[in-house]
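Reading through the structure tokens given below for one structure.
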């Protein structure tokens with residue numbers, strides 16, 4: 001039996017929205033609990049009775065009820081548009097990330113990798129809009145830091161992704177998973193590290209959260225946001241974790257390939273790997289202090305970029321030799 | 001009119017409108033943001049015309065990097081919220097140069113294609129493979145020249161931004 | 001950032017940090033879920049002061065020693081006719097014994113100076129009030145606090161015997 005086209009499209013759109021709304025909440029809740037336990041606390045315990053599982057839903061309700069403040073001096077249209085612009089790139093990115101083998105992807109694209117890297121870069125515009133339109137020196141400083149950081153880390157991110165695309169000989173995300181072999185874990189290890197770290201910086205997670213830096217810049221480019229718009233920015237951050245974790249999984253950890261039953265349980269392997277990488281994102285946040293702005297740039301240009309370039313040479317050498 | 005025609009016309013109109021806002025807007029930063037819209041809808045036009053790689057390159061390079069760099073520069077120097085009255089836009093030379101370049105390019109394109117129709121299914125889609133083959137076969141010399149140009153710009157930027165390099169020769 | 005340490009490799013500190021957080025995560029959290037689970041307080045906690053009225057002789061030592069004058073005592077004298085005694089004896093009767101916990105600084109001097117063991121520390125601490133005047137606990141309330149006073153700790157087997165014990169032993173030896 002074949003489904004009518006409209007039904008299939010509807011199911012795929014619904015799937016993307018479900019992933020877009022559910023996975024970030026799961027990651028956020030995990031962050032609450034994991035961070036708490038890593039600091040010897042319990043974290044949320046009341047919301048939803050059992051170990052605070054409904055904490056983020058309660059947070060959402062709270063955010064909706066809060067007053068939506070727009071600063072008097074702000075550029076109102078740009079200020080109000082920024083949260084939406086922050087979310088859209090990640091929504092587009094989720095569309096092309098494959099969950100399992102075959103048809104288990106919202107929209108298979110020949111150039112999925114390229115699309116993802118392109119739209120993730122658009123997120124900077126939202127940050128600049130938010131920071132500038134708030135008419136506040138802290139937000140502007142945060143936005144400028146973010147722009148400098150994102151422009152710098154885009155380079156190692158793209159280079160590391162290029163390495164794996166070169167190894168697989170395709171830009172299609174599904175194609176890369178198809179071509180992936182377990183020994184690539186070793187071969188592409190430097191690229192994996194570079195991609196993960198640059199991805200952390202792209203989504204401005206600690207230790208690369210100098211643009212937000214609550215001890216220096218109040219809350220960076222988010223200082224003036226309240227209520228639902230602030231919640232949208234937070235959602236964008238957590239969707240960002242999911243997207244970066246999923247990309248790391250698909251590009252470097254073999255996506256749906258697991259120890260057994262790849263064809264049937266592929267989606268499970270993907271979700272497990274995404275969960276594991278998300279855990280590492282949270283783990284790194286809890287363990288390390290924030291990098292200073294100059295250290296941040298130094299780490300990118302003197303650490304990640306040379307490693308990524310060396311990895312490209314290595315990939316090309318192995319590719320030519322075999 | 002097919003769906004493709006409608007999409008190309010609509011995206012083109014958005015691009016043109018946004019581009020006009022870029023040069024007429026008195027809000028400095030908003031002009032930069034309109035540029036994002038103009039370049040983004042241009043990427044949409046490429047996408048409709050099956051030049052997929054070009055479209056994503058447009059988004060990655062122009063929206064994600066070039067405009068951001070421009071906004072960055074504007075915000076670092078001065079970024080007033082609201083209209084600026086002291087914008088020094090030379091109207092006559094601007095119209096002359098911009099309009100001339102636009103008309104000239106349009107004339108060249110119109111002259112090249114006349115009213116010849118090319119079916120979308122007849123052309124090879126502009127995916128990565130086709131683009132790569134073209135760049136590394138018939139267009140390899142311009143491609144390499146461009147990379148030399150970029151390298152020169154890179155070295156120039158390093159020399160300009162490091163005062164100790166200049167002082168040594170003095 | 002990653003500075004090579006004396007005997008280690010670059011990034012050793014970073015890995016150590018990850019290890020510490022992971023170890024903390026898998027060990028028990030230190031959180032006490034207070035309103036749901038009552039805390040286990042040590043026996044010598046200074047929570048609230050309890051009054052054993054029958055031991056009080058209204059000597060006023062506590063009220064006089066109190067550094068911030070938060071103990072209020074009123075009393076009157078009562079004559080007690082003891083049959084067979086040469087003359088009637090006088091006895092102090094307590095009318096009022098209040099401690100104002102909005103002033104009290106929990107120094108415990110009143111408890112130390114009380115010669116007749118009428119005042120005790122109890123570990124109860126949850127007596128916050130909406131009105132500051134309600135922090136003045138009268139003798140009835142102070143008497144209720146006696147319920148929370150823990151039993152005295154057992155004598156340290158390695159310590160010196162108490163005075164009472166040694167005098168009793170001396171008397172017994174003399175007998």
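Yeah, the Cβs are placed from backbone N, Cα and C, and that goes for glycine too.
For the transmembrane segment (A:6-28), same-chain residues at least 6 beyond its ends with a Cβ under 8 Å from one of its own Cβ atoms are 56-57, 90-91, 94-95, 106-107, 234-235, 238-239, 241-242, 274, 278, 282. The transmembrane segment feature in TrEMBL is assigned to A:6-28 (among others).
Per TrEMBL, the feature transmembrane segment maps to A:81-100 (among others).
Look at TrEMBL and you will find A:112-134 (among others) tagged as transmembrane segment. Sequence-distant contacts of the transmembrane segment (A:112-134) (same chain, at least 6 residues past either end, Cβ-Cβ under 8 Å): 71, 74-76, 78-79, 81-83, 85-86, 88-90, 92-93, 96-98, 140-144, 146-147, 150-151, 154, 157-158, 161, 165, 171-174, 176, 202, 211, 220-225, 233, 236, 240, 243, 247, 251.
Only residues 6 or more beyond the boundaries of the transmembrane segment (A:155-177), in the same chain, are considered here, and those with a CB under 8 A from a CB of the stretch are 96-98, 101, 105, 108-114, 116-117, 120, 184, 187-188, 191-192, 194-195, 197-199, 202, 247, 250-252, 254-257, 300, 304-305, 307-309, 311-312, 315-316, 318-319. What TrEMBL records for A:155-177 (among others) is transmembrane segment.
For A:183-201 (among others), the entry in TrEMBL reads transmembrane segment. Residues of the same chain lying 6 or more positions beyond the ends of the transmembrane segment (A:183-201) and with a Cβ under 8 Å from any Cβ of it are 149-150, 152-154, 156-157, 159-161, 163-164, 167, 207-208, 244, 247-248, 251-254, 277, 280-281, 284, 296, 300, 304, 307-308, 310-311, 314-315, 318.
Feature annotation from TrEMBL assigns transmembrane segment to A:230-254 (among others).
Marked as transmembrane segment by TrEMBL: A:266-287 (among others).
TrEMBL lists A:299-318 (among others) with the feature transmembrane segment.
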